[in-house]
Amino acid sequence: GGGNLSNLSSCSAAPLQAEQRLPGPTPSQSRFQVDLVSEAAGASEEKSPISDSSVAEPEGPGTGAVAGGEEAKGRFRVVNFADPSGAGGAASPEAAPPDGLQNGDTVMSETSLHSSTGGQHHYHYDTHTNTYYLRTFGHNTIDAVPKIDFYRQTAAPLGEKLVRPTLSELHDELDKEPFEDGFANGDELTPAEEAAAKEAAEPKGVVKFGWIKGVLVRCMLNIWGVMLFIRMTWIVGQAGIAYACLIVCMATVVTTITGLSTSAIATNGFVRGGGAYYLISRSLGPEFGGSIGLIFAFANAVAVAMYVVGFAETVVELLNVTGAIMTDEINDVRIIGTITVILLLGISVAGMEWEAKAQIFLLVVLVTAIINYFIGSFISMKSKESMGFFGYDGRIMWENMGPDFRGETFFSVFSIFFPAATGILAGANISGDLADPQKAIPKGTLLAILITGIVYLGVAVSTGSCIVRDASGNVNDTFSAHSPANCTGAACELLYDFSTCKNDKDGCRYGLHNDFQVMSLVSGFSPIISAGIFSATLSSALASLVSAPKVFQALCKDNIYPGIGIFAKGYGKNNEPIRGYILTFGIALAFILIAELNTIAPIISNFFLASYALINFSVFHASLANSPGWRPSFKYYNMWVSLAGAVLCCGVMFVINWAAALLTNVIVMALYIYVSHKKPDVNWGSSTQALTYQQALTHTLHLSGVEDHIKNFRPQCLVMTGYPNSRPALLDLVHSFTKNVGLMICGHVRTPNFKDLAIDQTRYQRWLMKNETKAFYTPVFAEDLRQGSLYLLQAAGLGRLRPNTLVLGFKNDWRDGDMMNVETYINMIHDAFDFQYGTVILRLQEGLDVSHIQGQDDLLSSQEKSSGVKDVIVSIDTSKDSDGESSKLSSKATSLQSSPAVQKDDDDDGKATTRPLLKKDKKSPTVSLNVTDQRLLEASQQFQQKQGKGTVDVWWLFDDGGLTLLIPYLLTNKKRWKDCKIRVFIGGKINRIDHDRRANLLCSSVVAFEEMVEPYRLKEDNMELEAAERLKNSEPWRITDNELELYRAKTSRQIRLNELLKEHSSTANLIVISLPLARKGAVSSALYMAWLEVLSKDLPPILLVRGNHQSVLTFYS
């Protein structure tokens, strides 16, 4: 059995002991230890592990085993000591833990603090009791100490993601079982499954490279291309030593800056496979990443062809010398190129390990060739002099110092050299196969740039110092004693006269200008240079052949472009993208068959440069955004240097070949626009988001420093919508006049249930976005509606982006429910005026709230599922009616088209329903709604359609600062409303109204009004004063007789206005009228409500508007 472990805490209260002998089966099952965790503060625990013989059968959370300890009022935790071997190894500090504990998946006791696993604590998820057990600092607690595994992304290749206990698990009251949800993300595995997953994630024998083999070797091979042996001498001949060194330095500066930027991004976090694509997409977002990924993979595939053709051309030249040409030169290049690329494909498909071995071998050959050249340059031979090689000589060096362009310019020579410097991402492209990309990429890349740059400079200086520009190869072109007067130049001083071939129409055959193979002439043993050329071309081809599929595989996995997902599948232990290899092979083969690569080389350089420019730009962008998530451990970068690098890359693109540069830019932009239009469902925390945030913050602060001006007034509406989808008409109408003009906040007062708050917040915000509604959803928790609206009125918004207008729906059912609700509702309006808000109330005769027609949750889920359909509001499948409201089943799925009422309406008004609220589901049967719901739905979507040629009638009765006029003006600016005319009605002199008619009208209407308010009167004349006061205090909404009499004129004014509205505006699309005011404390809420009711009843949609009596209009420019 295990040794006795006791842990006494410093504040040792009476130790509680819980030692139970549990009946149990064989010892080969797991050993349980039952710990009693006391809730008494500071009570320490002393634990006595149970010996092997007492093994609990896991039946469920604390079954009979713990029944005895219930009196202690403690909570039991069953801690499972995994012991798969059954050996019962001791878990004491002296003994090493058994194998089962090596994974660090299971809980050990205090020993975990100093056990051989090295972990700070161990974590274990017990499937039976659905709880965590963590032991930290010797106490039973579910609070977790910091551990890197909590910070992994879910699909982390370096280890499994653990989930730390959520705040609510640690903080919620105990009677609410905090562990009911099990794990935070609900899909965690048991330890056994987890260990299996870990095995699968890191299979044995995966090849991971260090920085030398993985990055340095690859980059050096890729940078030293054919240029080193075939073109470098020609560049020195054209540009001279000084300019040649300048060209090398310029190219090196561009690549060094890019190398620094690459290092910064690569050390900012864990780098997966995908190289340049991964770096750019994770820092700049999917738009740039996606376009560059595609271009970069394609460029690498074509680069394979370029290098292979370079190789084939060298082979064909050698065959030419021996006269062993097969058909003609161009077809030979095709034949040899095809054979070569098939062999290379074989090597790379055989696996990264073989490919790495081939790379090392090729590097050895290359380095030998370079050393061979330098040795040869010190051995001057008489036989080589006629071909222009004289050994090191100051006169030759001085002569070759300046340029001698023949048919070229500085930039055209630069553009021929630059592709030789572009291999710097070869290491980063296989980032997924590196053991530690964060260390390897900076070290390897920068060292490779340094070494190759030095070698290029060395070759430039060395060839320029020992070879003349022109030589005939004719041994007889010599002088005897000293040079004649008419011969100038270093060759003459060395007693050679090459002027004959210079003046010849064909020119000389040898020298820096004319002989591309001059390095093999100089070298100690010329076949090694040929081998060097082969190795340089093949290694670059091989590196590109590996890079392209890896980058493409990463791009396919991210699922940014449709239809390329099949290339994401990897095979074998190294997850080799075989399908990608075959695709790359196909592209390379197609370009090899062209066999004329002078046309393709500049496009490749441009593609590479575009990705370099973006890597540099993304470092600048991330530094500019100043996001806390940007903290590379590589410190030697600077945002301005990176920006300069990006500009340089763009400049070099246009210098090399402006047409290709334009084409590249067009392709990048087209892909960028495509991806940003498609909006892939990824969130990588890119610096674009960070910068957007920072700019928004800066502008908001900046805005707060400026005084408001009437000309810049905008209605910023706090709309009490509840759930945004429950009052579509209110949302649509307000959105019509705030969209792109002012702020719109959908306020929602909820009774406390903190669990769903965060989820709902994001869910409904997403719903608003999907519906293209430019608004913010702001829920608050409060005891009642008024409390919540007070919170919103005071705290919604930020700085200048604060609401100044409260928008409510009219309370149509005010007479049905509890009158205290009316009191609350009217008080909300009073509060708005107290806070100097304008107030707007929308009334539709049918009502606004459609939430009872369909379940909120169904609605949202249907939204999220059918993201393609933006205008589905109700698209519910009746089969899964989760609401439990079977009585309302009939109202679940409907089709507006089937209702004759709508058809008729369309014909009359000529306004077709453009965006039906209800879409007919193929699966769900069409059930008809009852008539009122049908009408309500039609009404609720009327503001989604084009309004046709109607009118917006504005009854501007009282001057409120102009809000009553501004809203209709903003409304008719919008596309849906632009055909509507605005008619403005202003009150005339009151005594003009013809008295008889007024008398007639008022009699019938006043009677109706009095009948309406009858139930809400206090009737204090008929009771004791005290009783009346008591009733008024308990039911503050009651109307006193005194008040009714006092405001009789105002009452009749509302009734008369309603008549006039019916007479003049019964056909308007919308009526906007001044909202009558009621003095706080003097007019009871029932009377005010009754006024609003009679004023707005039986009319088209009506907006009651009252500004805050500050001017919002001005006629000064």
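The backbone N, Cα and C atoms fix where each Cβ goes, and this holds for glycine too.
Curation plays no part in TrEMBL annotations; they are all automatic predictions.
Keep in mind the model is a prediction, meaning the values are calculated, not measured.
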According to TrEMBL, which listed range is transmembrane segment: 333-352, 1073-1092?
333-352
Where, among 333-352, 410-428, 440-459, 518-542, 607-625, do we find the most CB pairs under 8 A to the transmembrane segment (242-271)?
440-459
Determine how many residues of the domain 'SLC12A transporter C-terminal' (1005-1117) DSSP places in helix, in strand and in coil.
61 helix, 12 strand, 40 coil
Going through 291-312, 518-542, 578-595 one by one, which has the most CB pairs that fall under 8 Å from the transmembrane segment (333-352)?
578-595
Can you tell me the mean pLDDT for the domain 'Amino acid permease/ SLC12A' (214-718)?
85
